[in-house]
Amino acid sequence: MWSEFYGYRIWGNFATVAYLFGAAHAVWLLVSRTGGGWTRSRWVPIAVVVGIGMVLPLGVLVVRRLTGTDWLITPFSWAAQPEVWVIERSARLLLDTGTPYVDISALTNPQVNDYTPYGPVMTVFGLPRALLGGSPLTDARIMFALATVGTVALSLRLIGWPKVPVRAGHLAIVSPLTALTFAVAGPDLAIIGLMILACALAVRDRYAWSATVLAIVVSMKLTALPAVVAIVFFVAVQAGGRTLARVVAVIVAVTAVLNIPVMIVQPGAFVEHVIMFPAGAGRVSSPAGSPLPGHLIASAGPFGHTLALVLVGLTAVALIWWLIRRPPATGSAALAKAAVVLAAALLVVPASRYGYVVYPLALWGAALSFAVAERAASRPATSCDPLLGAEVGEPR
């Protein structure tokens, strides 16, 4: 409510009302043991948070954005976070120049917002505004929201419309990180939705489609790579070596098709935006500087960044060894392990921020829902996964 960012303040005011209702509803359930009918459902406050704490502030902000405060160095007036307009700019650049990336080497004084730290596929979400002009309906956040809802709904359909546990709703839908991201930005939620869809496709033995979605995810943001690895290990357990080889081949081929055309146009810009800047090694330092271990180490003296990268490498080796020793055998286990490896990666990378915790939280919530579907299909191994606990998946 007191943030320097206008969008955060708008969301905070709406969210305060929504979460206070949730707290009041919880107290009412404790003191009133009988009566109330459907109003006693623990999904009621979740619905209120979705409506008042997510949809309403998004609506206000996409309309407020028409006043034209993008690109100003005035966070107190931003109706959208910079990643929204950066992605929309990337779509315009792609149409005009064949690459979504600004040539940083041609700028005498590059700024943070000159960077687009996303893969070429992310430009898709900015195309409506680039092609149809600026309006509330062409805001990239609307596209992110539609993609998120659509991929999650398709995933639930693929796994048989399980009864989603309330705690899964708390983690994946109405945690403050999810709600805030939904209203002010959104790209991370679209990526999460695609991760879940890729896992659901793998559960249903649609490996080529799963691999295609995983390639799309990697071509949106490299942050997703650890989760992709966890899902690939699940495919190896479920389908065996030959299918794994085909899946890896599809991932590599589709990733190449999606990225090489852009790299050919301006290879230096691609590397600077997609690899160097997120790694904290670009011409401009990444603003992602939450005081997590990787960032603190990278900031500690002239060799700090090198030490941080060594830590990233050692962590990657340890996580891969863990996945080899305890590979996920079910969709719920794959998503749970994806949440763990992403959380570990966020702790050790040189440039990270607390907001990225939305990834492991949402994936863990999805894992709980997948576990319900697995229990309904009489797969006893899912309910006893050591990561999820003996009672995972029980609707509450």
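Backbone N, Cα and C define each Cβ position, glycine as well.
Taken from TrEMBL, the feature transmembrane segment covers 6-31, 43-63, 140-159, 171-203, 209-237, 244-264, 303-324, 331-350, 356-373.
Only pairs six or more apart in sequence are counted, and the transmembrane segment (140-159) with the transmembrane segment (356-373) gives three or more Cβ pairs under 8 Å, enough to call it a contact. Highest Cβ contact count with the transmembrane segment (356-373) among the listed stretches 171-203, 209-237, 244-264, 303-324, 331-350 falls to 171-203 (criterion: pairs under 8 Å). 209-237 is the stretch from 209-237, 244-264, 303-324, 331-350 with the greatest number of Cβ pairs below 8 Å to the transmembrane segment (171-203).
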